[in-house]
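**Student:** Heads up, here are the entries from TrEMBL:
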type	residues	note
TRANSMEM	7-28	transmembrane segment
TRANSMEM	299-318	transmembrane segment
TRANSMEM	330-353	transmembrane segment
TRANSMEM	373-398	transmembrane segment
DOMAIN	523-835	domain 'GPI ethanolamine phosphate transferase 2 C-terminal'
TRANSMEM	563-580	transmembrane segment
TRANSMEM	592-613	transmembrane segment
TRANSMEM	619-639	transmembrane segment
TRANSMEM	789-811	transmembrane segment
TRANSMEM	823-842	transmembrane segment
Amino acid sequence: MRLTSGAFATCCVVIEVIGVAIFIRGFFPAPVRSSARPEHGVETPAPEPLAGASSNWTMLPSPLFNKVVIVLIDALRDDFVFGSKGVKYMPYTTYLVEKGASHCFVAEAKPPTVTMPRIKERETLSPSLLVVCGDHGMSETGSHGASSTEEVSTPLILISSAFERKPGDIRHPKHVQQTDLAATLAIGLGLPIPKDSVGSLLFPVIEGKSMREQLRILHLNTLQLSKLLQENVLSYEKDPGFEQFKMAERLHGNWVKLHLEENHSDILLGLGTKVLRQYLGALKTLSLSLSTQVAHYDIYSMAVGTVMVLEVLTLFLLSTPHVLCRKAELDVPLLSPVFSLLFYLIFLVLSAIHVLVCTSSESSCYLCSLPWLAAGGVMVLVSALLCAILSALIRMVIDGTLLKKRASHPSSGWSEVDLLLLLGTVGHVLSLGASSFVEEEHQTWYFLVNTLCLALSQETCRSYFVGDDCEPQHCFHMEKGCVDIRGCNLQDSTNYNTPEPGRTGKGVSLSEAQGSCKWWTVLASPWLVLICCRLLRSLNQTGVQGAHRPDLSHWLTSSDHKVQLSGLAALSLIMIFILVQKGCSPVSKAALAMGLLGVFCYRAATGIVLFPWQLDSKVISKGIIEARFVYVFVLGILFTGIKDLLKAQVIATDFKTKTIGLWEIHSGLVLLAALILRPHNLPVLAFSLLIQTIMTKFIWKPLRHDATEITVMHYWFGQAFFYFQGNSNNIATIDISAGFVGLDTYMEVPATLLTVFGTYVGPVLWASHLVHFLSSEASNGSALSRACFCYALIGSVPVATYIVLVTSLRYHLFIWSVFSPKLLYEGMHLLVTAALCAVFTATDHTRHTRT
């Protein structure tokens, strides 16, 4: 079965999206939540158990404290308070721990952390409570985030005059869970225990209460945990904690009956002590079961998703030599493996494993909850991919002699830019294993883009100053001849010829290279791009370390600088029109101009910018009419571009029609981006178009980079502009307002699409420019297909690597605050990549159909 490399890459990315979706569904555990939600008021507490009758005690126990003050210290390790270091650095706290009215514990932090419940402050005569605790500890080197004992052990000190302490009473800190604090504070304040709490009461806090009050409080806590267990665990009746609770409840009923009969014998005391121990044991077991359920990962779904992603990546890597060294078509070994004995054998084994896992697992599993037809489809995909990999390996062994012959006669060596693109991409992937690099990923892309500019500057300088006496590998990556760029030809992009893989092709003579561009413009272009990137870095501070620092966006968005923001927005829109209109038809030029004017009118209607004749913005609206006015022009430009593409395919007209159609689609996306981006981010869009123009005319054309290099550069710049507009790997930086531009009510599908486009506008626009740039070459039909393969490959490697890293780091303390949001971003980015690859393939199909 023969497929173009672009179609092959698109199919692989779609399968990879399915695998990542299955992995994400298994990675994020189902939250332990109570389905009981009272419609009116507070739910009446469960009555006290009583054997043979019903108790009339249905009220909550009286509160111990009237208010709580929580002192939370970042990275406070337990030995900073309880050990010798505490005497030195926290002497008063250590004194309270050793001799004061306090209870001390060592709280263990486990992911996911539970947010403390809201505290409600009752005016009674009860004493106050001071809580001193830490969120997590730290290692000996001062770092934190892993799961070592020093990093997960934190002190928990409860200080109150309600706690009695006899002289000489030495209290050693007991090991508890951080989640136990929620139930303790609720009981101490006389409030109901949060229904979703998985913690157990810290019993020393209520030791001063009477036996009946102690048992009552323990019963409420154990009952709450047992209900939570019933709603989240299918086999809850077999849980040891639930069995202990039922036993304790029966004994508690007998104790209450004896107590109401005013029996104060030793039997009552002994039975009460037994019930107390039974409740404490049940609390510990139930809390452990629920905590385990909270941190439970669907390993089976994660494993299946990981296998699918790694299989796709393996197919990509095995196909890379054929795509980059041969024609942009692949002989996909699909039909023969599907009907082979090996395929059916693998499918039967995987189906048997699936049945075994689903019938023996006591916890919930996503794949097991799917219909058998859907689960069988997943098994078919996994089996077919594995057979395809084996067939590709066998084919490589058979063709080994041919590959060796090709390798013995390489057409050219690797340039510095090639090495930079390869090592930079690999280095970025490896950096995803560190939480700090994930939080500050924007710095990685800024560094890579800046280094690329320097490498391109070095390449242009060498090509110019060395001239015709240079070595072959230094001259436009050509196999024959050298070309001087002192007189490069600034032809339209439709006349650009992308070399075949391996940089083989005809050399360009000096007479052909003479043109309108000056040598100094080529030499200065990388530095101009570098300056633009540096200016954009100052616009939006992002990440964790620098998010609080002042930047131009905060200065522009303040109410005192609305005039400056208006001028910058107007200047950016004019610059956008100048850079985009050159490749559009007259009708699209007019629509673009009206649309950009409508963008400014929309922002003026919402009061963000001002017209020159406006003194203030007292009249503010939602700007719905103005935004919809722009949407009309966006749809019109996109429709015109698609019409030209279809015309080029069906009628097989001249090549220029298709080129104009692709540029008009790019222009429509630019207009849409200008509408939904905030005004202070319009310079990001303008600089993006400016850098695309500079790179096209002064870098990619004169230096004759091949399709693979150009694709990787587009990918890098797209990622950099993702962060230039203020995005990060934190969910909080997503600008959801983009999903409501022009909408007066919430509409899920349009809002989702607009939000995704507004978030990934950088990668989308750079990919759109890549399609137009490579499609404008008529003589090389394989460039776009090869670019699609390369784009899919460099988008798949980080995802495949990251899910392996996340699986190994799933018990990391920062798994939910750092690594999990990045996983969601990678999953969505892969989905966007799949959509872009589909556009690549459709455009390439137009070319092949016309041919």
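Glycine is no exception: its Cβ is also placed from the backbone N, Cα and C atoms.
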**Student:** By a Cβ-Cβ criterion of under 8 Å, what residues six or more beyond either terminus of the transmembrane segment (592-613) are in contact with it?
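**Tutor:** For the transmembrane segment (592-613), the list is 562-563, 565-566, 569-570, 573, 576-577, 580-581, 584, 619-623, 625-627, 629-630, 633-634, 637, 667, 671, 674-675, 678-679, 741.
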**Student:** Quick one: do the transmembrane segment (373-398) and the transmembrane segment (7-28) have at least 3 Cβ pairs under 8 Å, skipping pairs fewer than 6 apart in sequence?
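**Tutor:** Contact between the transmembrane segment (7-28) and the transmembrane segment (373-398): present, because at least 3 Cβ pairs are under 8 Å.
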**Student:** When you scan the chain for residues with a C-beta under 8 Å from the transmembrane segment (563-580), skipping those not six or more beyond its ends, what do you find?
**Tutor:** 556-557, 592-593, 596-597, 599-600, 603-604, 608-611, 666-667, 670, 674, 679-680, 682-683, 685-686, 689-690, 693
**Student:** Between the stretches 299-318, 789-811, 823-842, which one has more Cβ pairs under 8 Å with the transmembrane segment (7-28) than any other?
**Tutor:** 299-318
**Student:** If we skip the immediate neighbours and take only residues 6+ beyond the ends of the transmembrane segment (789-811), which ones have a Cβ under 8 Å from one of its Cβ atoms?
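**Tutor:** For the transmembrane segment (789-811), the nonlocal Cβ contacts are 5-6, 8-10, 12-13, 16, 20, 23, 27, 111, 147, 295, 297, 302, 305-306, 309-310, 312-313, 316, 319-320, 323, 328, 425, 428-430, 432-433, 707-708, 711-712, 714-715, 767, 770, 819-820, 822-823, 826-827, 829-830, 833, 836-837, 840.
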